[in-house]
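The block underneath contains the structure these notes are about, expressed in structure tokens.
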């Protein structure tokens, strides 16, 4: 039986150089190879013309460059493109390309499904299947870059920003997320600025501390409620890591981070008559008073079977004004791609192999009662 080949998309530069040392080659050869893979999108060793033939043959014998395939895509009227990415065994994740006038952001998944069971998120309703590998994470960027034409003129803006805000909780897959983000930041990888790579978390505090020791990227935190009582319902991981513990972890992270410029991005989904009253806005402002931040208010994007509705524009406006009275920077996020279910909270994935999934959790089965504001 032949030995399984090493997928080079699984290796950050440190691991790539270790491989080349094992091959008896100098470190700069690893850097050359990474440029071919990530700057030019080349997966055939024979096309790497500044690498000698003997080394190309060695690489072909032991290694491969394999990214997950795009199995389908939909394009929104606003230019957003949602990709279904096949990651094997009948499994798919979703990756979303969001073009704007001055940038193009790719929203990347870190897991197949999600275990956190946030009650307003469609991905959470599926349960959790597995973590994505490094190659499956960076492969989303690599494959979509191919779709966009890499350096060629295709009419689409090249990817300038990456947000780990797709399917899954990135901090529950640190072993793969950290080297994947290393590749995103590496000059010989995707060469993105650390301020253009954002990780979003719902608050796995010990893993947030580990991230801070390993990497410096922009941080977005999913708060979604101004107190523990409501957040226990909306974001159940709060029962393990309550708000004050989460906020302390956030402050530790931004204290050692340059990417965040001294403040964190707070994400707050606006749920009609659930978390959007003016009283709750005052409560949120008081909650965040010791944590430098800007606040993204996210209009809820309904999905089939969702027990929640989207806050009205007038309620969002009142909520926003209260926060600004406290001196907070507030942005009301423009909904993108909701006509193709690509908006925030709508990534569900067409996953056919569900044998390892948790049973679906439905709000109506839990008999959760939330006080109407």
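Cβ atoms are placed via backbone N, Cα and C, with glycine included.
Residues or ranges marked as active site, proton acceptor by Swiss-Prot on the basis of sequence analysis: 94. DSSP assigns residue 94 (active site, proton acceptor) to a strand.
Marked as domain 'Radical SAM core' by Swiss-Prot: 100-339.
For 107-344, the entry in Swiss-Prot reads disulfide bond. Secondary structure from DSSP puts residue 107 (disulfide bond) in a beta strand.
The [4Fe-4S] cluster binding site annotation in Swiss-Prot covers 114, 118, 121, and the record cites sequence analysis as its basis.
For residue 200 (S-adenosyl-L-methionine binding site), the number of other Cβ atoms no farther than 10 Å from its own Cβ, over all displayed protein chains, is 21. What Swiss-Prot records for 168, 169, 200, 222, 223, 224, 301 is S-adenosyl-L-methionine binding site, and it gives sequence analysis as the kind of evidence.
Sequence annotations record features per position, and here Swiss-Prot assigns active site, S-methylcysteine intermediate to 344 based on sequence analysis.
If you compare Cα positions, residue 168 (S-adenosyl-L-methionine binding site) sits closest to 114 out of the recorded positions 94, 107, 114, 121. If you take the Cα of residue 222 (S-adenosyl-L-methionine binding site) and the Cα of residue 118 ([4Fe-4S] cluster binding site), they are about 10 angstrom apart, rounded to a whole number. Considering other CB atoms within 10 Å as the measure, the emptiest surroundings among the recorded positions 107, 114, 118, 121, 223 are those of 118. A gap of 16 Å separates the Cα atoms of residue 94 (active site, proton acceptor) and residue 301 (S-adenosyl-L-methionine binding site). When the C-alpha distances from residue 118 ([4Fe-4S] cluster binding site) to the binding-site residues 200, 224, 301 are tabulated, the minimum falls on 224. Nearest by CA distance to residue 114 ([4Fe-4S] cluster binding site), out of the recorded positions 107, 169, 223, is 169. Here the C-alpha separation of residue 301 (S-adenosyl-L-methionine binding site) and residue 121 ([4Fe-4S] cluster binding site) works out to 9 Å.
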